[in-house]
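Colleague: Right, I'll just put the structure down here and ask away after.
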Amino acid sequence: MNHLVAPSILAADFANLQRDIELINNSEADLIHVDVMDGMFVPNISLGLPVVKAVYKHAKKPLDVHLMIVQPERYLKDFKEAGAASITVHYEACPNLHRTVQVIKELGCKACVAINPHTTVALLEDIILDLDMVLIMSVNPGFGGQKFIDNTYKKLADIKALKRRYNPELLIEVDGGVDETNIAKLIDAGANVFVAGNAVFASADPSATIASLKHPGILSRS
Ligand SMILES: O=C(CO)[C@H](O)[C@H](O)COP(=O)(O)O
Ligand SMILES: [Fe+2]
């Protein structure tokens, strides 16, 4: 399949959020990545349900909601009602992960599990069959603009092997430090959904950057 690009609005201008949503709407982006942080699971607070609802009102692309919160099972229905098309919960935040994943699917959302850089891919073996997508964190969650962690390539090799064995349709998302310099290598490593925050919104021309993430190898900038 062709890979998907998911700009993260964490790096957008929150005072001009509608403008930045329109920018994504009119770009080659496939999804809108929404980072929800609670100051507990991660040492940062970003945005919550009212902002997700406001984004959904203007969004013409599916919302890919990444919950970096403790006990995310408390809020799954709320995020579905706020407009989430897919809901990502963290392996590290879910003691009853199988149940949490079933609830996400019963709500009609795509179910995704994220793992932090220190969490071994092998821990996903008994849940992978139930998932639509796995998110490999390529930075420690909590902040945009961090440096990509190279061990991600090893984790992609491991998840690719599990995918081949158990769930060939599985999507593999990479989040953190993705940009025009590493996306081609990440595609080769087996990833097919790419979150990009700073690479898009800190660039001089965010739409052109999204286009070049969508078509790596082709010079989309004039
Ligand atoms: O989940 C996240 C951080 O926890 C963000 O999605 C991620 O950091 C994207 O930002 P950038 O592309 O700037 O690294
Ligand atoms: Fe994210």
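Backbone N, Cα and C define each Cβ position, glycine as well.
Automated prediction, rather than curation, is the source of TrEMBL annotations.
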Colleague: If TrEMBL says His33, Asp35, His66 bind divalent metal cation, which of Asp150, Asp158, Asp175, Asp179 does it name for the same site?
Modeller: Asp175
Colleague: Check the binding-site residues Asp35, His66, Gly144 for any whose Cβ is under 6 angstroms from an atom of ligand 2, and report them in sequence order.
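Modeller: List returned for ligand 2: Asp35, His66.
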Colleague: Check the Cα distances from His33 (divalent metal cation binding site) to each of the binding-site residues Ser8, Gly142, Gly144, Gly177 and keep only the ones within 10 Å.
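Modeller: Matched binding-site residues: Ser8, sequence order.
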Colleague: So around the divalent metal cation site, His33, Asp35, His66, Asp175 aside, which residues have their CB within 8 A of the centroid of those CB atoms?
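Modeller: So the extra residues in range turn out to be Ala6, Ser8, Leu10, Val34, Asp64, Val65, Thr88, Leu135, Val195, Gly197.
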